[in-house]
């Protein structure tokens, strides 16, 4: 059977592909890697993924020996089972993070409040120290244990689903660093959120489940090691991303749309169902945990634990005249969002090029200084603000005034001389971000905040968010973006209330629109963000208004720069392929994109020493394999991957003494590998050439590459438009693409009807119909 496959592959290559003209010309290889493995600015490496199915003879042998219907049914059941596990595990991880953050924050504020009853100076010192300890624990975990867990992780996950693997982003230690690092950084009061890290957490959980756990830490099971190809793992990671968003915002539909709109480059309907199922499971797990915690078993974790801001009792209607200030909110969001992206890009670039190159100690000191600065501002600025008298009590509103600091609700009493006064700046500054946003979104609280306090908070928190972004801690930008947007949105709402003088206008509604506008202006999401905002606010009536401000803010932001995730991915050296090719590609051909360098190729039967020499002399990840026809003319018969060559060199079982290929007429030899042996662990460097030990006798032996190469890689003619090449490359998730001269003959044409293959029981009927049609013609 092997000999037949080899013969069929060579014959197919001879008929379908053009010849190699002569010694100075060879087929170009359009390689997603450029030079194979790219070095990022921070020293780590990125490498392209093999989303294409490598149809070598090991793969074909496995497919031939499997019972097709039974195996397909088994894979389908396993995929749905993994979707269930991803949803459960991600939901539990989110519950653990939220309970931990809320308890640390609640304990911090309760201790601080009890101390400031006696001395504000002592309370100030304790507050700074608690935040400093939490942030130090976070940055220490990141710098010493899991550097890949720094940041939000969304640019890296977006790159992975685009076809680029950054080493270390989906490992077990990255998952641990993300979970515990988020608890420290968010609990420490930094101007960042845990939503982006939760997306990365879900992706790590999905990846680890897909490969059976972690081998390094002896937490693996061969029963879970089912999906070994990058294509299957990509689907699991997509489910994990959607689960992370669903867990962070309690927005299952928003999680599905986020995965579809923002992170994935390849989508299909079957994946949609599994992603939707995973998000639904997350919602059930989170809801169950919330119900269990209502009994008081979760400490300080209460109604403010998960992000959901119910504004269903807010503004129910709006007039046509209000569309103008709402549109202005969209413009402000686009401008401030684009400015935020640009400032974070400049500061992060400077930080990477100058500060972080000095070592981990500098990263720790930097994060601790940012923590002290944040604590001083959040505690000190409210001390300078004059308190305001509480409004007349309204039993119908259910709002109590005043409240102690750090507790859920509005009208915080902080450094006030009278008991019936509140500090509006402390209500949003000296509080958890979730509760501060809930206060800004709240209805029936007109005139709670002064314009001076909102402007002060906007400027200071905006600056803190810019400075904090890029520190060596897990950091999300959803909640800080909502904080910034809701602040200037409420400012606009105050002017609208004063100008229009209508009783039904709520400042909290404009705060919500401001939050949506800033996220749209910074992240450039539309559909998914719109659904997320509706789900977390529980007010469908505001959907048209949210759509309006999102469209305006995105259009304004696009006029200045790209979204924050695209900018950060470019900064980190992740070569993302956008959904649309550049306009200049229309006037370029495929041959022009290949460069002028000569393609490094291998003969079908190659000496081991030559393989080692080629692997040492370059970093390419794919090599064309050349054979010769009976007349002596060179012929390309396929593509062999670098990772496959390393597996062959390490095992040594395929070495042979003869420099001649196996004769197809004598039966050949059996395959000693299955397709799973060639799979590289996720986010791992895999086998290195330095780890392979070869004796002098091994170097003198030969390898027949025919059983291991991909006999049918994708090819394009040299004069094809680069726009077409780009679309083909991205939509199919390719890693290599052959560029060849124009073929000299055509074997046939495939049309739509040729691809409409019926079930196996109807094949004979189709063949009979085709024979009858041919005879009648």
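Any Cβ shown, glycine's included, is placed from N, Cα and C.
Within the same chain, residues 179, 182-183, 194, 198, 201-202, 205-206, 209-210, 226-227, 235-236, 239-240, 243-244, 246-248, 274-275, 277-286, 289, 293, 298-299, 301, 305-306 sit at least 6 positions outside the transmembrane segment (70-99) and bring their C-beta atoms closer than 8 Å to a C-beta of that stretch. If you look up TrEMBL, you'll see 70-99 (among others) marked as transmembrane segment.
Marked as transmembrane segment by TrEMBL: 119-142 (among others). Below 8 angstroms of C-beta separation, residues 104, 108, 111-113, 149-150, 176-177, 180-185, 187-190, 363-364, 367-368, 370-372, 374-376, 379-380, 383, 415, 471-474 of the same chain, each at least six residues beyond the ends of the transmembrane segment (119-142), sit close to that stretch.
Residues or ranges marked as transmembrane segment by TrEMBL: 236-259 (among others).
Residues or ranges marked as transmembrane segment by TrEMBL: 271-290 (among others).
Positions annotated as transmembrane segment by TrEMBL: 323-344 (among others). Within the same chain, residues 462, 465-466, 469-470, 481, 484-485, 488-489, 492, 495-496, 510, 513-514, 516-523, 545, 548-557, 559-564, 567-568 sit at least 6 positions outside the transmembrane segment (323-344) and bring their C-beta atoms closer than 8 Å to a C-beta of that stretch.
Under the heading transmembrane segment, TrEMBL lists 454-472 (among others).
Summarising the annotation, TrEMBL assigns domain 'CBS' to 709-766.
As a whole-number mean, the pLDDT of the domain 'CBS' (709-766) in this prediction is 82. If one looks beyond the transmembrane segment (454-472) by at least 6 residues along the same chain, the residues whose Cβ comes under 8 Å of a Cβ in the stretch are 139, 142-143, 147, 150-151, 190-192, 336, 340, 343-344, 347-348, 351-352, 356, 360, 363-364, 366-367, 370, 373-374, 377, 381, 385, 425, 428-429, 480-481, 483-484, 487-488, 490-491, 494.
Helix, strand and coil counts from DSSP across the domain 'CBS' (709-766) read 22 helix, 10 strand, 26 coil.
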